[in-house]
Amino acid sequence: MPSPVAALRTAQFRTLTAGWALTNFADSVLVLILAVWVTDLTGSAALGGATFAALGVPALAAPFLGRLADRVSRRRMLVWTYAAGALVLVPLLAVSRAEHVWVVYLVTVLYATVAYVTAACQSGLLKDLLPDAALGHANGRLAAIDQVFRIAMPVLGAAVYAWVGPAPLVVAAIVAFVASAAVFAVVRIAESPPDDEARAGFWAEATEGFRYLFSTPPLGGMTTAILWAMAAVGLVNAVAFAILEHLGLEAALLGPLTALQGVAGLAAGLVVGRLMLRFGRLRVFSLGLVGLGVGLVPLAGSWVLPAVLGMGIVGFTVTSAVVAYVTERQVLTPVRMQGRVGAASHVVLNLPGVLVTLAGAAALAVVDHRVLVAVNVAVCLVCGLVALRMRAPAPAAD
């Protein structure tokens, strides 16, 4: 039997990987800078923080984007989306004073929409291109690329912004989107036919991805577990500065610690495919959530070294659990529904963390951060242990 990794050596997969790497760069290079930029323009940290809320707005459109991805060529949809992503960034080059902040907010919403389109289309393209046995390795490789940008972009973006301002970063994102659109315009993939058969009303079809996620075993249990786990990660993000203060560390060290977490996530992306082949997707997912709970424990203490090691464990286990979840979802979802289910899972993986981060910041005013960390530990351990009892059915037929 050929190695699953061999399927990743094809010209098509390498081209797709290059295109998504460019998109990942474009997606990530402005995320933090937009908030800093608004803060500098207005002098208001609250208005700067509102850009993070704007990044979550496209989640409302995810069901409709997923439905569209199942109705058209996913490759062409990405070409048009990345070209549009480049176009909508152009107005940022004219922003120079506080009166232009509304432009930044509007562009932020459109900019964030690109990631939801990618999530809706990527899953189906990989399913068309690769055998199920290779999906875990592919998702691991893409997760590793994501972690590389998570490590590099905050440092690189902040340095460029401090040196010459936001314009070069905006131009770089525009160029990356254009290049990615060109890559997907030339790559050739034998796509499955679009699902153009109307089975229900518009709203029923648009929300079918969420219903499939929560009603299909073991995806239903896995989705509930990962939703709570991502909410826990969001709560930890909300109390990050309180944790640093309790450890006696400067707030500026949050960047290096986040980079450490990214390095651990990069390592996970490189090995999680092999781990899933050896132990199974469900076991890797479950142990990833248990490991997340274990990694959070030192963050409630007063010792720096255990807390640093805990951050590394969190980075490795979160990435492993997410890749295992995404792979299980791809394998168990029919090709005709990959767009809707992929978009729905992107909401599950991202929106809870955003909402809980906002709520956690408010809770910190009345609750000690160690109590919040303890709650997160309990949630992750319970979710992981419950997931260990799940059983996987055969892959879905198309």
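Each Cβ is built from the backbone N, Cα and C atoms, and glycine gets one as well.
Where the annotation comes from TrEMBL, it is an automatic prediction and has not been curated.
Record features, source TrEMBL:
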| type | residues | note |
| --- | --- | --- |
| TRANSMEM | 20-39 | transmembrane segment |
| TRANSMEM | 45-65 | transmembrane segment |
| TRANSMEM | 77-96 | transmembrane segment |
| TRANSMEM | 102-126 | transmembrane segment |
| TRANSMEM | 170-190 | transmembrane segment |
| TRANSMEM | 225-244 | transmembrane segment |
| TRANSMEM | 256-277 | transmembrane segment |
| TRANSMEM | 284-301 | transmembrane segment |
| TRANSMEM | 307-326 | transmembrane segment |
| TRANSMEM | 347-365 | transmembrane segment |
| TRANSMEM | 371-388 | transmembrane segment |
Winner by Cβ pairs under 8 Å against the transmembrane segment (347-365), considering only 45-65, 256-277, 284-301, 307-326: 45-65
Residues of the parent chain within Cβ reach of the transmembrane segment (77-96), under 8 Å, 6 or more residues beyond its termini: 19, 23, 26, 30, 37, 41, 68-69, 103-104, 107, 110-111, 114, 117-118, 120-121, 166-167, 170-171, 173-175, 177-178, 180-181, 184-185
Contact set, same chain, for the transmembrane segment (170-190): CB under 8 Å, 6 or more residues outside the stretch: 12, 15-16, 18-20, 22-23, 25-26, 29-30, 75, 78-80, 82-83, 85-86, 89-90, 92-93, 114, 125, 128-129
Top partner of the transmembrane segment (371-388) among 225-244, 256-277, 284-301, 307-326 - counted as Cβ pairs under 8 Å: 284-301
